[in-house]
Amino acid sequence: MRYCKYCNLHYNTPLDHCLFCNNELTKTNLENSQQMMEQTYLYPEFQKRKNSKRFLLRLYTFLGLIAIITCVYLDLSNHLEKGLSWSRYVISPIAYLLFFMSIITSSKKSIQKIIYLSYLTLLFLVYLGSIGDSSVWSIEFVMPLGLISINITMLFFLLIKKRRHHDYAIYSMLTSIIGMLPIILLFTHRLTYTWPTITCFLYSLTTFLGILIFTPEATKEELKRRLHL
Amino acid sequence: MKRKNYWYPVDNAGKIFPAVSKDSRSSVFRLSFYLTQNIQPTLLEQAVNEVLPRFETFAVELKSGLFWNYLSPNKHQFRVKSEPSIMCKYVPASKNYGYLFNVYYYENKITLETFHSLSDGTGAMEFLKSITYRYCCLCGYQMEHEGLIRSHIPFSSKENQDMFCNEYDKSKKKNLKEEPAYHLNGEKFADHFSLCIRAQVDTEQLLTLTRSLNVTIGEYVTALLAYSIYTQNVDCRKSKKPIKLFVPVNLRKYFPSNTLRNFSLYIKATYDPRLDWTFESMLSETKRQFLEQLNKEDLHGRINSNVWIEKSLFIKILPLALKNLAFKLGYYYLAENISTYAISNLGPVSLPEDMKAFIKDVEFSIGGTNMAISSIHSHTNIMLNTEWKDLGYISHFIKCLVDSGLKVNIDTNYREGLDEIL
C-alpha cells in the first residue's frame, strides 16, 4: 500500500505520485513483498482508439461539400437563368455516396442497413433518370423492377431466417406496401410501358397477402407489438 | 414455466434512453464484484447463459415500433468480453448481439454494465448476484443461496412489472417544472474517458461520523459534495443558477415490489450559490430538503406526472421518429440542463453467508461525471467519476473525509502518464 503524507491518503493502486497533490507516494510500513505482489491495478490500461472510419467520413464530407459548392457556383455562373444543369450529375453521386457511407458506418442492424441502402440506391437511380432528357427508363423500368428486387430480397431473408421470422415478416410487409405505391403513377401519369409497374404491384400484393395468410398469428403478434400505443 | 414469446413495452423511466444515448452519454451503469481468485472467462460465459433465461427482462433486445420501442426476446448466445478501459462505455446493441447489457472480466473482477432502459441498480444487482453465484458453483464451490439469489427463487410475473404504470393515478399529479442548474465546466478528457476515483472508507466509522451529525450517509455525502463544488469552482458563486444535486431513490422501499425493471426516481438538493454557505448550513439544508421530498405522497405525485406524459393521447400517437426528436430536446431541458451532479447510493449488498467468503469487494459506478456509493462487508466504496480534468472539487471532497477522521483508501483507473494522451 502506498501513502501520501501530505494528503493523508492510502493508495491501493501502485501509483508513484498522489493524484491530488502530485507528491511522491511513500510505501507504508505494512508493505511487505507479498503485498507488493498483490497490489495491482483494478482497471485495464487506457488505450487510445484510432477512429479512422469516422475520420474518413468527415474527410469525404468536407471534400464532397467543397466539390458541390464549386460545381454549383460554376454551373450557375454560366446559366443563372436556367438553374442547375450539369452540376446535378456531380451533386447526386456525391450525396448518394455520403448517405451510403453514413448508413454503412451507422450502428443499425445488418438487415436494416440492407433495406436503407437498397432504397437509397433506387432513389439515386430514379433521380439520375429524372434529370436526364428521358425519365422513361428510370421511372418505368428501374423503379418497379428495383422494388420487386427489394421485395424478393426480403422474402428470401424471411424464408431462410426462421429465427427472426416475426421481424422479417414485418419488413417484408412494409416493402410490399411500398412496392404497391407506383401503381399511383398509372393513374396520374401517362406511362409508355405499363407492364413493369403492373407486375410490381401484383407481385407486391401477392407477397403481402401471402405473408398475411401463411403466417397470420406470428404477423398479427408482431404487428401488435410494433403498433402498441 | 419459461415463456418464449413474451415482450414488454420499455418502462416509463427507460423510454427516453434509446433516443438520447451516444458515445458521450452512454446511459450505462456498472456493477462489479471482486472475487478472491482470477476469473475464468469460459465458466463466466457459461454462468451467464445458464442464468439469463431466468431473467426475462435482461434476455431481450430493443426493437422499434411505429409509436414506441419495445423489448422482445433475444435468443442469441451471450458472449462475455474482456473489460474495456472506458467505464460505462456506450456499446450499440447491434454490436452485442442485440443485448442491452455487457458482462466483462478483468483479473478477479466480474463486471455487469447495464443500459438503463433495462433496469436500475437494484434490478441489475440481482442479476449480477445470480451470475456470480452460478459462476462460483461452476468453479466447484458448494453454497447455500439462503433465498438471496433471484435465479434460485421461482419466477414470478411481478418481477417484470412496470411499477410506474402500476402505481399510476392521474388524479394526483405534481408540477415537474424545474429551473436550469449550474454546470461544471472546463476541459474534458479525450475519447469520452471518465476518470474514476474510488474512496474506500470503513462503514462503521462513516456511520459514527454521520450519526454524530444526526444525518444519513446520503445526506452527508450530498452536502459535502455540494460544498466542495461551491468552494472549489470559481465561477460557481457568480452563477445565478443553483447547484442541484440529483439523488435517485429506490421506490421499492415506498411501494413494495420485487420488480427487476426500473423503479427509481430522483429527489434533488438545491443550493443558491450566491448565498454564504458553510458546510454545516448546507448539511442542515440538505436534511430539510430530503425530509421534504422523501415521502410516499410526494414521490407518488412525481410518478404520476411522469407517467401522465406517456399516457397522453398526443404523445401516444406521435410516430417514434418524432418522439425521439422530442426526447432529445426533453432530455436536455428536463434532465441534463437542470442537474449539476448525480449521486446514487446502492446501499449495502446482501449476500448469502457462503458466498461472502468469495466476494472481496463490490463496486458501483454510473460513469460520466457522477458519484455512486455501495457497501459490502465492513467498508463503503464512494466512487467518484469525472469527465473533467479539473479535480479540485473531488480533491476537496476527499480532503474533508480525511479531515473528519476517516481512513481513506484510494483506487483509480488513472495511471502515470495518462494525462499526456488524454
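Just so it is clear, glycine is given a Cβ too, placed from its N, Cα and C backbone atoms.
Those TrEMBL annotations? Automatic predictions, nothing curated.
Marked as transmembrane segment by TrEMBL: A:55-76 (among others). Sequence-distant contacts of the transmembrane segment (A:55-76) (same chain, at least 6 residues past either end, Cβ-Cβ under 8 Å): 83-87, 90-91, 94-95, 97-98, 101-102, 105.
Annotation source TrEMBL lists transmembrane segment at A:88-107 (among others). Tertiary neighbourhood of the transmembrane segment (A:88-107): same-chain residues 53-54, 57, 60-61, 64, 67-68, 71-72, 113, 116-117, 120-121, 124, 127-128, 131, selected by CB-CB distance under 8 Å and a gap of 6+ residues from either end.
Beyond its flanks by at least six residues, the transmembrane segment (A:114-131) meets 88-89, 92-93, 96, 99-100, 103-104, 108, 137-139, 142-143, 146-147, 149-150, 153-154, 171, 175, 178 of its own chain at Cβ-Cβ distances under 8 Å. Summarising the annotation, TrEMBL assigns transmembrane segment to A:114-131 (among others).
Annotation source TrEMBL lists transmembrane segment at A:137-159 (among others).
Per TrEMBL, transmembrane segment is recorded for A:168-187 (among others). Residues 111, 115, 119, 139, 143-144, 147-148, 150-151, 154-155, 157-158, 161, 194, 197-198, 200-201, 203-205, 207-208, 211-212, 215, 218-219, 222-223, 226 of the same chain lie 6 or more positions beyond the ends of the transmembrane segment (A:168-187) yet place their CB under 8 Å from a CB of it.
Look at TrEMBL and you will find A:193-215 (among others) tagged as transmembrane segment. Cβ atoms under 8 Å from those of the transmembrane segment (A:193-215) belong to residues 136, 140-141, 143-145, 147-148, 151, 155, 158, 165, 169, 172-173, 175-180, 182-183, 185-186 of the same chain, restricted to positions at least 6 beyond its ends.
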